[in-house]
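These notes concern the structure reproduced below.
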Amino acid sequence: MEKFVLFAPLIASLIAGLGWRAIGEKAAQYLTTGVLFLSCLISWYLFLSFDGVPRHIPVLDWVVTGDFHAEWAIRLDRLTAIMLIVVTTVSALVHMYSLGYMAHDDNWTHDEHYKARFFAYLSFFTFAMLMLVTADNLLQMFFGWEGVGVASYLLIGFYYKKASANAAAMKAFIVNRVGDFGFLLGIFGIYWLTGSVQFDEIFRQVPQLAQTEIDFLWRDWNAANLLGFLLFVGAMGKSAQLLLHTWLPDAMEGPTPVSALIHAATMVTAGVFLVCRMSPLYEFAPDAKNFIVIIGATTAFFAATVGLVQNDIKRVIAYSTCSQLGYMFVAAGVGVYSAAMFHLLTHAFFKAMLFLGAGSVIHAMHHEQDMRNYGGLRKKIPLTFWAMMIGTFAITGVGIPLTHLGFAGFLSKDAIIESAYAGSGYAFWLLVIAACFTSFYSWRLIFLTFYGKPRGDHHAHDHAHESPPVMTIPLGVLAIGAVFAGMVWYGPFFGDHHKVTEYFHIAGAHHEAAEGEEAEHATAEAPVEHAVADTATAEGEAAAEAEHAEIAAPVGGAIYMHPDNHIMDEAHHAPAWVKVSPFVAMVLGLITAWTFYIANPSLPRRLAAHEPALYRFLLNKWYFDEIYEFIFVRPAKWLGRVLWKGGDGAVIDGTINGVAMGLIPRLTRAAVRVQSGYLFHYAFAMVLGIVGLLIWVMMRGAH
């Protein structure tokens, strides 16, 4: 079954992409959609029936050369099971939604066949992500990692007639190459130090890596910290963290279903998954974890500030994704990997619903995306309105404080903020502020879109209509997850340390528990006279057990938490004001948004006029694009022109053209003049040749 889940989307993609002329475009759409729903059902069966014990499922010997051996295998553990349901559920619903959304696309003419290609790309995207999350070694993961990058390039640039779409696709691809270079260096370093790319073998050697110093860039580094940092650079690119985030908003150039798939289930979650998968390494790399916390918290704050002033409905949600990913990285950085995965799971439901809801709004408004041209749509598209409301309740964290009752984001985001309080004061305060901003821009979206009087094109508003059932049914399914996912899975993900340990089969935990029980049992039954053991024997056994525990501890579970990692327990005992602070931030953001856009709609304009520098700073996304244009893009273009004109044009082409059009014609003209046709000229040349040969022979004889 696991192999079917992995390879079925690939087969469907190939049939739809290469064989749609034979089976028909409509059949290609239904084939890919049906296969994804079947994979989704199997994934849920695997998730619900999984006992937590990791399994290794071989597929084939992939790379065998010299001493290097890498097989293609499926690693099925709790992390994999979670990602399987996230990827296949969202992808199946996006496929279904796309049947309606892509039915009539104004970017294509009636005689252009684009639907089969689109669905083939979607299915290939899904396969690449499944390849990534089921990987049993870093090479296999990198294959899926790059496959996701290629698929995102194809889908972001799907409207290839638009220059902006082509530019966005190139930007996403190039920025991710920067992160991928760091990921590759990390893989090379791990293989160089451990001799393997297989996860269990790497994890087995992590304690030794933590005690190893290596020379890199003219200074000594702790191996575990350096490798953790390099791997996280790859995660920064894929998950659009600060400094490598600039591609994510531009990715909105692709069709809206693509945005839902990228932001909720596939590409951007890959970085979070990578850090959680490599938790045994990060538990021995404290400096790398601190770096993750700083980047994650700063990204959450940065993206939330930019989202305050965005007017494109899709870009608002895009920046919310960037911000929420920062939350996940903070959780992973402080060592509560289960909380990071918890938020990844709940976020998939409400973020996919928000994007698909935005697509429904855009569909109703004839592809208008500027929220300033919306208004009063809640009566026109009531199903979409309620779906977006539920998504907003979830992302802003609506729930009952100090209880486990609330929408999905209420429980998962609060778990991260409480963990941040226990692990990093810097991250805690930035996340609370970001929660307030998240509430503000989320309710701003709701108020501008669904409340007030119609603005902009009144013809579009008058003819606005609800989306067909094929588009609203996925919204309803996702709404169920956005409401109940947090309450259902709070316990095994964060609620109790013992439950989390059992659920994720945390490496070393069961071994230690078993040893403790055996020791207690032996102590209770052993006679007093046998309680005193031979000192040397006891010390030898203790040393052997310590050595065994040190080697085995990071291996055998979905995640690993060091015995000294007590952040989750400390988070559970955080003060009440810490647990209530996200709710207060949410209410403050809601009240501010209501004041700005319902009670006093002229206030935002006046405030922007009063603080123009701050407004432009946020509207221009902290000027990251302009800074990168000045520091990287222009110098790169200048260097490219120099190498093109001076290197390729002047040196390479100049040399070849100079020889071909200058030297060779002159030599041929000289040769023509030598061929005079007179016999005595040829005889004289022969005599000169013979004389020359004789002189050469005599000179060699003299030596």
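Here the Cβ of each residue, glycine as well, is placed from N, Cα and C on the backbone.
What Swiss-Prot records for 4-24 (among others) is transmembrane segment, and it gives sequence analysis as the kind of evidence.
The annotation transmembrane segment is assigned in Swiss-Prot to 30-50 (among others) on the grounds of sequence analysis.
The transmembrane segment annotation in Swiss-Prot covers 79-99 (among others), and the record cites sequence analysis as its basis. Same-chain residues lying 6+ beyond the ends of the transmembrane segment (79-99) with a Cβ under 8 Å from its Cβ atoms: 5, 9, 29, 32-33, 36-37, 39-40, 43-44, 46-47, 50, 118-119, 122-123, 125-126, 129-130, 133-134, 255, 257, 260-261, 264-266, 269, 273, 276-277, 341, 344-345, 348, 352, 356, 359, 470-471, 473-474, 477-478, 481, 504, 558-559.
According to Swiss-Prot, the feature transmembrane segment maps to 116-136 (among others), an assignment based on sequence analysis.
Beyond the transmembrane segment (138-158), the same-chain residues lying 6 or more positions past its ends with a Cβ under 8 Å from any Cβ of the stretch are 62-63, 70, 72-73, 114, 118, 121-122, 124-125, 127-132, 165-166, 168-170, 172-173, 176, 180, 183-184, 187, 190-191, 197, 199, 202, 234, 238, 250-251, 253-255, 258, 261-262, 266-267, 270, 274, 277. Look at Swiss-Prot and you will find 138-158 (among others) tagged as transmembrane segment, backed by sequence analysis.
Residues or ranges marked as transmembrane segment in Swiss-Prot (evidence: sequence analysis): 179-199 (among others).
The annotation transmembrane segment is assigned in Swiss-Prot to 224-244 (among others).
Taken from Swiss-Prot, the feature transmembrane segment covers 290-310 (among others). Using a Cβ-Cβ cut-off under 8 Å and counting only residues 6 or more beyond its ends in the same chain, the transmembrane segment (290-310) has close neighbours at 229, 232, 236, 241-243, 245, 275, 282, 316, 319-320, 322-330, 332-334, 420, 423-424, 426-427, 430-431, 433-434, 437-438, 440-441, 444, 608, 615, 618-619, 621-622.
Marked as transmembrane segment by Swiss-Prot on the basis of sequence analysis: 325-345 (among others).
Same-chain neighbours of the transmembrane segment (381-401): 320, 324, 346, 349-351, 353-354, 356-358, 360-361, 364, 407-411, 413-414, 435, 438-439, 442-443, 445-446, 449-450, 464-467, 472, 475-476, 478-479, 482-483, 486, 579-580, 582-583, 586, 589-590, counting only residues six or more beyond its ends whose CB sits under 8 Å from a CB of the stretch. The transmembrane segment annotation in Swiss-Prot covers 381-401 (among others) and rests on sequence analysis.
Here Swiss-Prot flags 475-495 (among others) as transmembrane segment, drawing on sequence analysis. Beyond the transmembrane segment (475-495), the same-chain residues lying 6 or more positions past its ends with a Cβ under 8 Å from any Cβ of the stretch are 89, 93, 336, 338-339, 341-342, 345-346, 348-350, 352-353, 356-357, 360, 383-384, 386-387, 390-391, 393-394, 399, 404-412, 415, 502-504, 568.
Listed as Cβ neighbours of the transmembrane segment (580-600) (distance under 8 Å, sequence separation of 6 or more from its ends, same chain) are residues 396-399, 401-402, 410, 413-414, 417, 432-433, 435-444, 447-448, 451-452. Marked as transmembrane segment by Swiss-Prot: 580-600 (among others).
Distant neighbours of the transmembrane segment (224-244): 145, 148-149, 175-186, 189-190, 193, 206, 209-210, 212, 214, 216, 267-272, 274-275, 278, 281-282, 284-289, 291-292, 295-296, 298-299, 302, 321-322, 325-326, 329; these residues of the same chain sit at least 6 beyond its ends, with a Cβ under 8 Å from one of its Cβ atoms.
Against the transmembrane segment (4-24), stretch 116-136 shows more Cβ pairs under 8 Å than any other of 30-50, 116-136, 179-199, 325-345. Count of Cβ pairs under 8 Å against the transmembrane segment (116-136): among 30-50, 179-199, 325-345, the largest is for 30-50. Residues 79, 82, 86, 235, 239-242, 268-269, 271-273, 275-276, 279, 282-283, 289-301, 303, 409, 411-413, 415-417, 419-420, 422-424, 427, 431, 434, 485-486, 489-490, 493-494, 500, 503-504, 559, 561-562, 565, 567-568, 571 of the same chain lie 6+ residues outside the transmembrane segment (325-345) yet bring a C-beta within less than 8 angstroms of a C-beta in it.
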